[in-house]
Amino acid sequence: MGERRKTRQAEVNIGMVGHVDHGKTTLTKALTGVWTDTHSEELRRGITIKIGFADAEIRRCPNCGRYSTSPVCPYCGHETEFVRRVSFIDAPGHEALMTTMLAGASLMDGAILVIAANEPCPRPQTREHLMALQIIGQKNIIIAQNKIELVDKEKALENYRQIKEFIKGTVAENAPIIPISALHGANIDVLVKAIEDFIPTPKRDPNKPPKMLVLRSFDVNKPGTPPEKLVGGVLGGSIVQGKLKVGDEIEIRPGIPYEEHGRIRYEPITTEIVSLQAGGQFVEEAYPGGLVGVGTKLDPYLTKGDLMAGNVVGKPGKLPPVWDSLRLEVHLLERVVGTEQELRVEPIKRKEVLLLNVGTARTMGLVTNLGKDEIEVKLQIPVCAEPGDRVAISRQIGSRWRLIGYGIIKE
């Protein structure tokens, strides 16, 4: 067992989504043993700001047949058998962090929508996160009705009916609703079995050219490190197709900004992979699933503080095109999501500035042209994306960016 565990990488990414304080991080801890809020400001404010990843092994007990994430069955004490390793993406539920949640959503193969039983459903971010899943086309959804320890049976049933009503007509209409207490670990086995039943590992072709979406980037050198001990910049993200190997030459697009004739342009860069980390282990090869850390020969100055977030990594010459402007086939929602009162979505106007999320990248787009169900936008920061990719569209309403629909990239 120990040997297999060493080389094991998560094979599926599952998003934890839902309203702030409904228990996403607590549930991630119940499933993985890892508290994903490790950013100092997060611990102080008690909310998730950056996206957290934590892996768990799904295991089944051959004796009683129940599922858990522990090597010894918590129900009968028998040794459990490994089924697969999954990675949980803990996405921020706070409204100001919605664009971060969208970046994480682009890496999800399925999602657990956490809804607290002790509050009326839906709350603004519950609605907003479900809309985000709808926009990225995510259908593999489980609903965890959390905090049932705080309500009586009547209240829990009333909340269940509200959830049923809320998901009617959405991608989550047929999602199982599982009552749990993340705090006390109650019914977690039922939730783990639902993950097995409703969130399959996607079929992937390892021979496709590799493509990794960058979510974070770091300078891992401590201040005062002597020059000969400095290591190159590290990129953190998720491989969405193909595989990466230590020693591979990689290209990063759109790359790094430089100034030319008073305009900011971007230049793709190439470098070499010197190390790979997956599931907390150094590995020689990394595949889709989980968060992968890619050690490079890049100057760490380029990667510090998430500067490379939103880039795409692949083999030189094999990456999708970089776009300075996009033509989008637009699908607007009827109502703005995330606001306390429901507002109608007004049509997009020429010269309007929109916030666009493409994969893990986010950029501003100035609307230069309008057609029937189509817009053209000039991008502030170029993006690397395929024709046919989905783009989440947000508009500034009051002081916040609000999700108003999505676009599909046209040639």
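Using the three backbone atoms N, Cα and C, a Cβ is placed for every residue, glycine included.
Now, the feature entries from Swiss-Prot:
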type	residues	note
DOMAIN	9-203	domain 'tr-type G'
REGION	18-25	region 'G1'
BINDING	Asp21, Gly46	Mg(2+) 2 binding site
BINDING	Asp21, His22, Gly23, Lys24, Thr25, Thr26, Asn146, Lys147, Ile148, Glu149, Ser181, Ala182, Leu183	GTP binding site
BINDING	Thr25, Thr48	Mg(2+) 1 binding site
REGION	46-50	region 'G2'
BINDING	Cys61, Cys64, Cys73, Cys76	Zn(2+) binding site
REGION	90-93	region 'G3'
REGION	146-149	region 'G4'
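Rounded to a whole number, the distance between the Cα atoms of Leu183 (GTP binding site) and Cys61 (Zn(2+) binding site) is 23 Å. DSSP places the residues of the region 'G1' (18-25) in helix, strand and coil in these numbers: 2 helix, 1 strand, 5 coil.
Panel annotation: around the region 'G4' (146-149), residues 22-23, 26-27, 114-118, 156, 179-184, 186 of the same chain, lying at least six beyond its termini, place a Cβ under 8 Å from a Cβ of the stretch. Per Cα geometry, Cys73 is the residue among the binding-site residues Cys64, Cys73, Cys76 nearest to Gly23 (GTP binding site). Note: Cys64 (Zn(2+) binding site) has non-local neighbours Cys73, Tyr75, Cys76, His78, i.e. same-chain residues 6+ apart with C-beta under 8 A of its own C-beta. A helical conformation is recorded for Ile148 (GTP binding site) in the three-state DSSP classification.
Taking all protein chains in view, 22 other C-beta atoms sit within 10 angstroms of the C-beta of Cys73 (Zn(2+) binding site). Burial estimate for the binding-site residues (Cys76, Leu183): highest at Leu183, by number of other CB atoms within 10 Å.
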